[in-house]
Amino acid sequence: MQHLFEKLFRAESMSQEESQQLFAAIVRGELEPSQLAAVLISMKVRGETPAEIAGAAQALLADAQHFPRPDYLFADIVGTGGDGTNSINISTASAFVAASCGVKVAKHGNRSVSSRSGSSDLLAAFGIRLDMSAEQSRLALDDLGVCFLFAPQYHTGFRHAMPVRQQLKTRTLFNVLGPLINPARPPLALIGVYSPELVLPIAQTLKVLGYQRAAVVHGGGMDEVAIHAPTQVAELNNGSIESYQLTPEDFGLNRYPLAALQGGMPEENRDILARLLQGKGETAHAAAVAANVALLLKLYGQENLRHNAQQALEMIHSGQAFDRVTALAARG
């Protein structure tokens, strides 16, 4: 391990295999806190490479609790969090709407990073159990088209890094790993990142990890497809990556100010999204979810974003998406 430390302290990049070896030791709790802090900061200052990020993700996936991976096509829709906008839980709502549109979503998530309510906080407020077994979650995915995988339940090795991360009080590689370590290992993913500089590197990382099709997005300060500003996209499709920009108009949607998407505490967000998913919500909220669902559906081969957004809006207005929330809660 010492040779890897010395390599990092010379500001040299690790290979994918070296990164996997190092992070396997981290999740086993084999590094001293001072060593872990030095590793994370040296990588941060130099800038983590896609190979290093992929190696770290592979180490955490190898250490994760097993999930019975389905053989049908399914996706994740998830953000890094930490964008500081304190918005409503767009990706969580989008998962239920996408399932209503007929696709399968295994959403990986955690407690809040920067907002007052992360996806897990919101689901708990809806009465959805965070500690469902992997088998129960797989059945929900089969039957309802949506399940939620609570990161700490599958990634116990994360706890070894937590004290150091809390003391450092700065973003490190761990802040981008969450969306890359879904234990169900989906072949498709829509991933939001907190910084535009991460869009292409994370898409390159998804290529290394073997994703079939994926889109990495950052929109006007948000780790989502935005309806207040252009969204930067890097789309991976069978090994090739295309970078482009999307505007709300590309989805046939109106623009709304970022302030229209302000969220609150988990109970407030629950009430906002309950109204939305029952077809009684704010038009800005519906548009934000429709844009994200539309891009997710594109990953399934539905290439027309305007048509996809319209399909999502119809599902939102029908109230069918909320039926999946109550059905998932009833499985507790």
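Just so it is clear, glycine is given a Cβ too, placed from its N, Cα and C backbone atoms.
Feature list (source: Swiss-Prot):
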{"type": "BINDING", "residues": "GLY79, 82-83, SER87, 89-92, 107-115, SER119", "note": "5-phospho-alpha-D-ribose 1-diphosphate binding site"}
{"type": "BINDING", "residues": "GLY79, ASN110", "note": "anthranilate 1 binding site"}
{"type": "BINDING", "residues": "SER91, GLU224", "note": "Mg(2+) 1 binding site"}
{"type": "BINDING", "residues": "ARG165", "note": "anthranilate 2 binding site"}
{"type": "BINDING", "residues": "ASP223, GLU224", "note": "Mg(2+) 2 binding site"}
Rounded Cα-Cα span from GLU224 (Mg(2+) 1 binding site) to HIS108 (5-phospho-alpha-D-ribose 1-diphosphate binding site), Å: 15
Mapped DSSP class for ARG111 (5-phospho-alpha-D-ribose 1-diphosphate binding site), helix or strand or coil: coil
When distances run from the Cα of GLU224 (Mg(2+) 1 binding site) to each of the binding-site residues SER87, ASN110, ARG111, ARG165, the nearest one: SER87
Distant-in-sequence Cβ neighbours of SER91 (5-phospho-alpha-D-ribose 1-diphosphate binding site), under 8 Å, six or more positions away: ILE77, VAL78, GLY79, LYS107, SER119, LEU190, GLY192, GLU224, ASN292
Using Cα positions only, nearest of the binding-site residues to SER87 (5-phospho-alpha-D-ribose 1-diphosphate binding site) (ASN110, ARG165, ASP223): ASP223
Inter-residue Cα distance where the pair is ASP223 (Mg(2+) 2 binding site) and ASN110 (anthranilate 1 binding site), in Å: 15
Rounded inter-Cα distance in Å - ARG165 (anthranilate 2 binding site), ARG111 (5-phospho-alpha-D-ribose 1-diphosphate binding site): 15
Distance from ARG111 (5-phospho-alpha-D-ribose 1-diphosphate binding site) back to ASP223 (Mg(2+) 2 binding site), taken between C-alpha atoms, in Å: 16
Secondary-structure category, per DSSP, in which SER91 (5-phospho-alpha-D-ribose 1-diphosphate binding site) falls: helix
